[in-house]
Structure formats: structure tokens, C-alpha cells
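Student: I have a structure here, written as C-alpha cells, and I will follow up with some questions on it.
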Amino acid sequence: MGNLNKEIRDGDHPDITEERLKSTFDTHKMAAQIYNSQRAADRRNEITSAVLKIPELQDIKPLPFLSREEKVEEAARKIGILSEHLYDLVNVNDGAELYHLNNVVIGGEGNPLALHGVMFIPVLQAQATDEQKKKWLYRAMKREIIGTYAQTEMGHGSNLRKLETTATYDKATEEFVLNSPTTTSMKWWPGNLGKSTNYAVVVATLIINEKDYGPHSFMVQLRDENTHKPLPNIEVGDIGPKMAYNATDNGFLKLNHLRIPRTNMLMKHVKVEKDGTYIKPPHAKMSYSAMVHVRAHMNNTMAYFLASSLTIAVRYSSIRRQGHINPKEPEVKVLEYQTQQHRLFPHIARAYAFSFAGAETVRLYEKVKKDMESGETELMADLHALTSGLKSVVTYLTMQGIEQARQSCGGHGYSMASYISEIYGIAIGGCTYEGENMVMLLQLARYLMKAAKAVKEGKKVEGLVGYLSAPDNRHSLIDRTPEKSYDTYLKTFEHIARQQIFRAFDKLEKMLTSGLPHSEAWNKCSVELTRASRLHTRLFIAQAFARRVHDVVDFHIKEALDDLLHLHLNYELLDVASYALEDGHLCGEQMNFIRSELYRSLGKIRPNAVSYVDAWELSDMELRSVLGRRDGHVYENLYKWAQNSSLNRTDVLPVFEKYLKPLMMSARKNSKL
Ligand SMILES: CCCCCCCC/C=C\CCCCCCCCCCCCCC(=O)SCCNC(=O)CCNC(=O)[C@H](O)C(C)(C)COP(=O)(O)OP(=O)(O)OC[C@H]1O[C@@H](n2cnc3c(N)ncnc32)[C@H](O)[C@@H]1OP(=O)(O)O
Ligand SMILES: Cc1cc2nc3c(=O)[nH]c(=O)nc-3n(C[C@H](O)[C@H](O)[C@H](O)COP(=O)(O)OP(=O)(O)OC[C@H]3O[C@@H](n4cnc5c(N)ncnc54)[C@H](O)[C@@H]3O)c2cc1C
């Protein structure tokens, strides 16, 4: 039998090899859990190996040394090369393969086709008629045209019903007139809108006979297909540098009474007839499908960002030696410190948890998508509630985890050589895009309040909120849990979520009964409501993790995942325990039990720490991190990396002659006086 950890190679840093030799599980088999099948895990590695053989696909230099223009150019250059090799490298119908290819070759900072693949094509698939698909979708799939999804405006992103861009139907010419009447009505933010795309699905408020029908989707050609010059009545450009994503040209768009044919409205589910008759869709929010598509996949992209930063931090922590635990022994790896373990390991568990919750979400999404094809919309509300909560909780916890990973690398974590700050910047965009987190937590809260009302009225609720009708124990039995049975933990999470949901419900009801209008009462309860949504979502994540561990067959993988789950449940419970202490569901003694289980878990995880992150099988090419190198040879490569700095091109910079020398000369002269 070979090594269980598949990353071991001759010549690696002995400290990291020592870690890998301790692995109790086969890291490639674990990758099959993370990526949902052995085949998917194999394909990732095959794609990486194939990419490594194509010299033109390698980074010209470390990305942090590129200017914004160079980043945009570099991403576009690689997209060009990728086009030549695409069909040899991946199955183009497999989103996971494309995403992996993107991460290895281009990375997270963006590329000209990002929104094309993530939103433009999905919105056409879901909302275009067959005729419209023939006209645009197939051309888009062949990349004859490049598109984006232009919804957000300078003045409005969250509140879609107040989008100012109008699409007014002109019956006489059978056209829509698209107009941005104000500065704030300009589209502002859409990815790749600024410079790369020549088409966009523009979301605008539909007006027929002066009646407002709310946001609808329209296909708009922005630029000439040959010259790429903006078409008449269109102003379009880049919105400038951002915290991260700087290889992406997020853009602005002003439409000046632009006329488009009636048939450019996406009409699979909703229609405007020639005479202006409006035929409504089977469900009012069907046109929001592109957002739900991205939200459903965000658990996995966030898990990936979190796992990337943890891979960097854990590998580095295994070669970084500083300080002593036993003064008679050599300096220890910083990974030996309990504080370092507590800082990193719970986030490793979260990355796994998000990936497992993500797999369940994508399954539900695929089902709803299929149902919608035939006009069936029953599960749309469940999916919207689930993805709204997960999107918010997972992005927020990912942000926390990445920042802890950065700090755990000390000074070198702050250097772009770690690349963690870039990953952080990319990931935290997710707290805002696809619905600002608070706004989306409040969407889930609407669903939870409906369920709570039903329960109060004596009705039985099922599915994601089924626990609200289930019997509850007055006191948690958590310290009477047999090993490897997590039922009592999950029951405690259920109790906490249930209590908070009803607390928010009761508060809201009381205000409504006192005569406060619904929207005001809602606002006054909104902090409690968002708490309810978070607790409900964290319960779902814990349940999804437990369901996955339950289903695993391989003994060693199951055992390793079980250790992570144990850590997860104890850590998360401590994080939310105040809710259960308030009503005496948990007592002080049980808190001590949870704490001691948590510390025991850290010790259990420690020998496998490097293997848990190695199991994500993130290559050096995609990590782009000196600290996270697979071989552990960090220090000599940090020095090499710094040689890329343009400041090192000459020994003396012109600023010396210009500013520093006169400053020092004058200071010296003055001190002689
Ligand atoms: C050469 C080739 C090489 C190729 C190689 C590589 C190729 C690349 C391949 C892959 C690349 C991968 C690269 C990855 C890059 C990743 C990039 C990141 C992408 C970033 C994208 C970001 C995009 C955006 O941000 S788009 C804009 C998003 N905007 C929002 O999310 C707005 C948020 N607001 C809302 O959604 C709504 O306003 C709202 C939901 C808050 C409220 O809507 P409303 O006003 O219409 O609602 P009402 O109040 O009237 O009603 C509420 C009611 O409706 C129900 N509801 C709402 N939404 C839904 C829904 N979607 N489904 C079902 N029901 C819904 C809600 O539940 C309420 O119901 P009630 O019953 O309670 O009334
Ligand atoms: C990296 C990135 C990429 C993006 N890509 C795209 C894209 O491709 N296409 C596109 O169309 N858009 C895109 N966007 C825009 C993005 O979708 C919006 O910025 C986002 O939906 C938030 O809307 P907003 O900016 O209006 O926030 P605001 O709503 O202005 O948020 C400001 C504050 O107000 C609060 N708030 C607002 N409404 C409520 C409420 N009802 N209740 C309580 N609090 C509230 C929020 O919680 C927040 O704290 C992108 C944004 C980013 C950062």
C-alpha cells in the first residue's frame, strides 16, 4: 500500500512530509467526498496535469505584481489560449470542470467570460423561448458573442421593484424603448459589462400603457460585433478599481431611449403580445432565476475559497517553527499551539460542511430548475428561502475563516506572497453580490415567520422547517450522548433555532396586535428576525454535515469526517450557546462538557491537519501562494518572489535624487548650523 496522503514527494520539506506520513486516511478518497464523486476528483487532477503541460497557460509572473491593465490583459490572453485547447481539456457541459479550469489557469480575480458563463448563459437557458435560444444562446455557447447580466443600478441593487431603467412598450412599432432617465438609473456593477461584453441581459421596469409591471429581462446588443464600438444610444464603461476582482471590468451602462424589438424581451414564462397584452408567468419571481442559480452554487465557491486559505495557513503552520512548549526541546511548529489549532481547525470543518450543504442545495436547485421547465413552481419558495439563508451565513463565516487563516500566518500572511488577502477580497464580495446579506436573511425570515404562524395555528409544517412542529425536550441531553451519535447535538441546535424563530414571531405579533403597520413592526423586529434566519441556516449546515457522514461507507474516511463533524458541532454550539443558556436548555456543566469535547477534538484533528487540507487537492498553480506551497519550501521562495518587485530593478530609485536626497542634505546642513 502506498502513502495515504497523496501529496508526499521526495525533496519536500521534512516537516511537511512528517505531517503527511501521519495521515489516517487516503486523501484522494477524501477528495471524492469533497467533490462528490471519485470521477470528479480524478478529473480535477487530470485537468490540472494537462494544463501544466501547456506553457502559454502559465502565469507570466505572480499576479500581485501585475497592474490592473496587465491583469485584464493576462486573463483575456489566457481565455484566448484556452479556446484553442478547451475541448481537449474539459467536458464543456460540465460546470464543475469549467470552474476548476478557470481556477487553475486564471484564478479568482476574474476573466472576460466570467459573467458570460455564470449568469448570461443560465438566464438564456431558463428564460428564453426556443426561438430566442436559437438566436442568442447557441451563439453564446460557441462564444460568438459575449454577454453579461445587467441588473444593479447606481441607486438601486437590493430593491428590484424600484429599478429606474424603464422598458416602455411602443405598440405602434412593436418595440421596447429602454431608457436610463437619471444618473442613479445607470447600470452600475455588472461584471464584464465595462469593456469585454457585446451583449447583456438588461433588467428593466416594464411599462405598458403607463402601467408598471415590475422588473423584466431584455436582450440588448451593446457593441458592434466586429469593431466592438458601443452602438448608438449606449454609453458603457468600467467603474474603476475595487477591493479585489480587478481582472474583471465591472461596468456602467446608460441607455438613451434605445429601441429594441418586442421579441428581445425574454419570453419563455412571461409575454407581451403585439397589442401590448401582458401574460403573466406561472410564478411572479421566475425571472429571478439567474440570481438563484448563482446563490445555489455559492456554498461551493465559498467552501473553495475557505479551503484555499486554510490549505495555505495549515501547510505554512507545519513548517513555521517559533517558540517552545518544552524549553528543553527545539522550537515547535506553530501548528502545535492550541490557539493556532483553535484558530484554524474549526474553519477546516466549516469548509467541509459548506461543501456538503452545497451539494444538497445544488441537488434541490437542479430539481426546481427542471420543474420550472414545465411551469411547475411549488418548490421555488423553499429553494429561495434555503439559498437566501445559506448565501448569507456561508459568505459571512467564510470571511471570518479566511481572515483567521491570514492572521495565523503572522507577518507573512499580510504579504501578497501568501495570496490570502486576495482570496479574502474575492470571497467577501459574496457578502454583497447576489443580494446583500441582511436583505437575504430577511427573505428567509419571511418564510420562517409563515411557518411559525402555521405551527401556532396548530398546523403541521414539514421539510426544511419540519422541526418547528416536532416535540422538544425542556433540557438538552447533550452530555449523555453516546460516542458517534449526534442526535442530541442536532436536537439542541433545533431547540435554539426554534426558540429564536418563535421569539421573533411573538415579538412581531405583539407589535402588529398593538396596531403598528406590518412594515414598521417588521423593521423593529429585524435584528431578531435575522438571528432566527442565521440559526435556522446553521442548523441546516450541521444537519447536512451529519447526513453526509452517516452515508459514507469507507471506514477510514468516515472516521476522519466523524472527527471533523464532532469538532464542528461542539465549536458551533459554543458559538450560539447563549441562546440555550437563556432558557435553561443548556446548563453551566454542559457548557464545560462542550468545551472539553472541543479541546479533545482539536487534539484528535491535529495529526491529520495537513491531510484534511491536502484532500482538497489544490495545486500550487491554483493556490498562487508562496506560503501554501505543496513542498513546504517557503523561505527560499519568499526571497525569490520578492525579486519580482519592480522596486528592485535598480539599486537606487529616482525618488532618491528627487526627494530623499534633498531632504537628508537639508537636514544635515541644518544640523551643522
Ligand atoms: C474560452 C473558454 C474558456 C472558459 C474557461 C472558463 C470559463 C468560465 C467558467 C466559469 C467561471 C467561473 C468564474 C466564477 C466567477 C464568479 C463570479 C462571481 C459572480 C458575481 C455575480 C454577481 C451578480 C449579481 O450580483 S447580480 C445582482 C444580484 N442582485 C440581487 O441579488 C438583488 C437582491 N434583491 C432581490 O433579489 C429582490 O429584490 C428581493 C428578493 C430582495 C425582493 O424582491 P421583490 O421586491 O420582487 O419581492 P417582493 O417583496 O415583492 O416579494 C417577496 C416575495 O417574493 C418571494 N421571492 C423573492 N425572490 C424569490 C425567488 N427567487 N424565488 C421564489 N420566491 C421569491 C419571497 O419569498 C417573498 O415571498 P412571500 O411569500 O414571503 O411574499
Ligand atoms: C463584486 C461584485 C460583483 C457584482 N456583480 C454584479 C453583476 O454582475 N450584475 C449586477 O447586476 N450586479 C452586480 N453587483 C451588484 C450587487 O448585486 C449589489 O451591490 C447587491 O445586490 C447589493 O445591493 P446594493 O448595492 O443596492 O446595496 P444596498 O441595498 O444599498 O445596501 C446598503 C445597506 O442597506 C441595507 N439594506 C438595504 N435594503 C434593506 C432592507 N430592505 N432591509 C434592511 N436593510 C437593507 C443593506 O443591508 C446594507 O447594509 C455586484 C456587486 C459586487 C460587489
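Using N, Cα and C of the backbone, Cβ positions are placed for all residues, glycine too.
Remember, predicted model here, so these are calculated numbers, not experimental data.
Sharing the record's features from TrEMBL:
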DOMAIN    26-146  domain 'Acyl-coenzyme A oxidase N-terminal'
BINDING   Thr152, Gly191  FAD binding site
DOMAIN    288-449  domain 'Acyl-CoA oxidase C-alpha1'
ACT_SITE  Glu434  active site, proton acceptor
DOMAIN    487-664  domain 'Acyl-CoA oxidase C-terminal'
Student: What three-state secondary structure does DSSP assign to Thr152 (FAD binding site)?
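Tutor: In the DSSP reduction, Thr152 (FAD binding site) maps to coil.
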Student: If you measure the residue listed as 'active site, proton acceptor' to Thr152 (FAD binding site) at Cα, how many Å is it?
Tutor: 10
Student: What is the Cβ neighbour count of Thr152 (FAD binding site) at a 10 Å cut-off, with all protein chains included?
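Tutor: A count of 19.
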Student: Residue counts in helix (H, G, I), strand (E, B) and coil for the domain 'Acyl-coenzyme A oxidase N-terminal' (26-146), per DSSP?
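Tutor: Final tally across the stretch: 88 helix, 0 strand, 33 coil.
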Student: With every protein chain in view, what's the tally of Cβ atoms within 10 Å of the Cβ of the residue listed as 'active site, proton acceptor', excluding that atom itself?
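Tutor: A count of 24.
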Student: Restricting to the chain of Gly191 (FAD binding site) and a gap of 6 or more, list residues whose Cβ falls under 8 Å of its Cβ, or answer none.
Tutor: Gly110, Ala114, Leu115, Thr148, Tyr245, Thr248, Asp249, Asn250, Gly251
Student: Would you identify the secondary structure of the residue listed as 'active site, proton acceptor' according to DSSP, in three states?
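Tutor: Its secondary structure by DSSP: coil.
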